[in-house]
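TrEMBL has this to say about the protein:
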BINDING   135, 139  Zn(2+) binding site
TRANSMEM  38-56  transmembrane segment
TRANSMEM  92-109  transmembrane segment
TRANSMEM  136-154  transmembrane segment
């Protein structure tokens, strides 16, 4: 709530642009390597430019939240569709969904009860106050949920391409490891 409007744009507009890239990636999870869908690219870039221009001119957060929600629901329903494919990691998908969803709930609690949370924060001793910064928890959980969803998307794509791999961790941080060098001439099978 302390951001200037111009600085808030640096928080919110990348959510639109990044989600459009994610939508493109998900819709191309089951396409041959180097396949390009120029109409979809143009539509997503146009969507991003239109949302950016309109949001800058009308300055209404509900407009941004609605535009972002359209992308999130598109990602959600496409991801559900991807779960029907063989070798799709349900655990990664539902972990991402639960993490992001928890962040979303916390963000809404912060939006609706901001005044009450501020008053409660004032009654706490200094070390406990940061834990009540629910908007920060939203960013943390939304970022983590998005990262886990990226791992899910990589797992689905590499499975389609018949590239063996699995989720591993380094110091507790998960990443997706492709087990061996693979040919990039295309998938082994036709879908």
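Yeah, the Cβs are placed from backbone N, Cα and C, and that goes for glycine too.
Because TrEMBL annotations are produced automatically, they should be read as predictions rather than curated entries.
Beyond its flanks by at least six residues, the transmembrane segment (38-56) meets 9, 12-13, 16-17, 20-21, 23-24, 27, 63-64, 67 of its own chain at Cβ-Cβ distances under 8 Å. Residue 139 (Zn(2+) binding site) counts 13 other C-beta atoms within 10 Å of its own C-beta, drawing on all protein chains shown.
Neighbour count (other Cβ atoms within 10 Å of the Cβ, all protein chains): 14 for residue 135 (Zn(2+) binding site).
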